[in-house]
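Undergrad: The structure is given below, and queries will be raised subsequently.
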Amino acid sequence: MTQQVDRYAVFGNPIGQSKSPFIHTLFARQTSQQLTYSALQPEHGEFITAAKAFFSEGGRGCNVTAPFKEDAYQFANRLTERAELAGAVNTLKKLDDGEIIGDNTDGEGLVQDLLQHQVTLKGARVLLLGAGGAARGVIQPLLDQKPQQLVVANRTSSKAELLAEMFSSHGNIKGIGLSDVNEGFDVIINSTSSGLSGQLPEVSDVIFNSNSTVYDMVYGSGTTVFNQWALDNGVHAAYDGLGMLVGQAAESFMLWRGLRPGTKQILRELRKNLEM
């Protein structure tokens, strides 16, 4: 009798560029887990139908990327606290009782990557650029690290202020407009997607100093536009979001399989793969 192989997947649209199947296949090999992991692309507005079909046909869990994270939030029967706070779900798991739990591992992926790079978050002044879903998903894990202050800056200041209000009981956080940022920070995190179109967020280079560590959530084969700008302004170090991608994947894998895979080797493989 052949052993039943557990099925996992990632949902997104577009999904052709996703590195998740590559990452999870390597995780499975590393931890000797029998599973398959595929990329699925439902039409816009079709996520819930596709997810229902996936789970009813024996799917055990899935990752969810743009534009379906809010849909996944609605789809889950239960939510972890961090998913509830993030208002979005990037990981779904079918429990033994048939219930589907939604989690958000993005913030944990970011924090783990920063800590792996030996970035000090405790007592640091942290600037988070952008106030969209990507920003909201990482605020609570960042505040859990006890920074001196987390400043969320966004083109529309009211969105940043709203996020600050939402998370005010979790730590020292304030929201302002991008044009109001007029001082340097220890850690600067870019959650805006402006770099994907070669643009920079409309913020002054006064944010950078020689002790600043910069983190851009986007990644590519070379240095990101934002990180290049930061390096040109003399920052201490600049990292892209590839480590966050691998970190959030490791956290999802842990939720599904109860095992935490190592990330360093896989990050090296992925980087090599990107640069080919």
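Even glycines carry a Cβ here, placed using N, Cα and C.
Predicted, not measured: the structure shown is a model, and the values here were computed from it.
Got these off Swiss-Prot a minute ago, pasting:
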{"type": "BINDING", "residues": "Ser18, Lys19, Ser20, Thr65, Asn90, Asp106, Tyr219", "note": "shikimate binding site"}
{"type": "ACT_SITE", "residues": "Lys69", "note": "active site, proton acceptor"}
{"type": "BINDING", "residues": "Glu81, Gly130, Ala131, Gly132, Gly133, Ala134, Asn154, Arg155, Thr156, Ser157, Ser158, Lys159, Met217, Gly241", "note": "NADP(+) binding site"}
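Describe each of these features in terms of where it is and what it packs against.
TA: In sequence order, Val10, Tyr37, Ala39, Asn63, Thr65, Ala249 are the residues of the chain that are 6 or more apart from Ser20 (shikimate binding site) and have a CB within less than 8 Å of its CB.
Neighbour list (Lys69 (active site, proton acceptor), Cβ cut-off 8 Å, at least 6 residues apart, same chain): Ala88, Val89, Asn90, Asn104, Gly133.
Close to Ala131 (NADP(+) binding site) in the fold, though at least 6 residues off in sequence, lie Val152, Asn154, Thr156, Lys159, Ala160, Leu162, Leu163, Gly175, each with a CB less than 8 Å from its CB.
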Undergrad: To the nearest whole angstrom, state the Cα distance for the pair Glu81 (NADP(+) binding site) and Lys19 (shikimate binding site).
TA: 27
Undergrad: From the Cα of Ser158 (NADP(+) binding site) across to the Cα of Tyr219 (shikimate binding site), what is the distance in angstrom?
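TA: Here the two Cα atoms are 28 Å apart.
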Undergrad: Taking the Cβ of Tyr219 (shikimate binding site) as centre, how many other Cβ atoms lie within 10 Å?
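TA: A 10 Å sphere around the Cβ of Tyr219 (shikimate binding site) contains 21 other Cβ atoms.
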Undergrad: Are there any residues at least 6 positions away along the chain from Ser18 (shikimate binding site) with a Cβ closer than 8 Å to its Cβ? List them or say none.
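TA: Sequence-distant Cβ neighbours: Val10, Gly12, Ala39, Thr65.
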Undergrad: Around the C-beta of Met217 (NADP(+) binding site), how many further C-beta atoms are within 10 angstroms, looking at every protein chain?
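TA: So the number of other Cβ atoms within 10 Å of Met217 (NADP(+) binding site) is 26.
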